[in-house]
Amino acid sequence: MSLNIHIKSGQDKWEVNVAPESTVLQFKEAINKANGIPVANQRLIYSGKILKDDQTVESYHIQDGHSVHLVKSQPKPQTASAAGANNATATGAAAGTGATPNMSSGQSAGFNPLADLTSARYAGYLNMPSADMFGPDGGALNNDSNNQDELLRMMENPIFQSQMNEMLSNPQMLDFMIQSNPQLQAMGPQARQMLQSPMFRQMLTNPDMIRQSMQFARMMDPNAGMGSAGGAASAFPAPGGDAPEEGSNTNTTSSSNTGNNAGTNAGTNAGANTAANPFASLLNPALNPFANAGNAASTGMPAFDPALLASMFQPPVQASQAEDTRPPEERYEHQLRQLNDMGFFDFDRNVAALRRSGGSVQGALDSLLNGDV
């Protein structure tokens, strides 16, 4: 007698036949034949419990027609057998790893989407960017050259746009991006909302927006337009223009009058070029506390504001909307139902895990299984 068990993983579903006396490891091998997921990457959940390889299927009281949830995980970087065979090496590696705990912390259990690019697996099959594209000082991002046009043409490629949308739709990839960037980590759940925002995706695939962002990055460079002496040259040159040269002598009165006229003109024309330059309002010296930073003895960029960055990629209509005050059972109704189907019935833990993951069921599931909440 064999059991017909439904395997669920996100939106995917499979049916696997297995004998009740079979071990969970044999059960995973049958699943591998059905969907091709390696046995080492399978985590099976039934009634809120992770199935152990050495236990039998019938020991978990799994009946015919029941559903078992499959969570795909990454293989461990080092097996227990390898660690036991090299005790001295393992001890030294553990000491070395303890010295740099932040290098791989939170990397989604070793998830590295760029691993294949640094190996010989696809050597000769991928056309990598030219060497000067990412040259000194950022290459194409900081120089007005043909390399910048090459990058913009790549943004216009429908295949590239499709790949970007697919990447931002992958929860595991979003976790990797957030956990690899301290600034995104500081944003909390807003980082995931920003990366999933339609406006943010449009910006990544819109050549005009990319061009404006490059110009804005050059203008916000604290060293742009300033010589080694840090004199009176403007730190915010015109978009697309070269940084002004520093003169040997500086007329303080003339610079002051020029700054006042620039503030008046920017205030008069603020909004006239909003469609052409989405960052035009940020370049108004009257509203910019760093407008006269070039005359100071030392300059610096303002502190990173996660809330401000997240608000830049929110649709305008959301700015006037009130904060979502719905109770958790309404806000996370769909996600809570999925967790209940997997056997997680602790309401408080489920809500805490969903808030921690920004509403992602996959992230909440990892938090519940790892005991983070």
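Cβ coordinates come from backbone N, Cα and C, glycine included.
If you look up Swiss-Prot, you'll see 231-270 marked as compositional bias 'Low complexity'.
Sequence annotations record features per position, and here Swiss-Prot assigns ubiquitin cross-link to K13 (among others) based on a large-scale study or a structure entry. Spatially close to K13 (ubiquitin cross-link) yet at least six residues away along the chain are H6, I7, judged by Cβ distances under 8 angstroms.
Sequence annotations record features per position, and here Swiss-Prot assigns ubiquitin cross-link to K76 (among others).
Under the heading domain 'Ubiquitin-like', Swiss-Prot lists 1-76. On the 0 to 100 pLDDT scale, the domain 'Ubiquitin-like' (1-76) averages 86 in the predicted structure.
Residues annotated as domain 'UBA' in Swiss-Prot: 327-371. Sequence-distant contacts of the domain 'UBA' (327-371) (same chain, six or more residues past either end, CB-CB distance under 8 Å): 10, 43, 45-50, 67, 69, 71, 171-172, 175, 188-189, 191-193.
Taken from Swiss-Prot, the feature region 'Disordered' covers 221-270.
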Inset, instruction - Provide the three-state secondary structure of K13 (ubiquitin cross-link) computed with DSSP. - result: strand
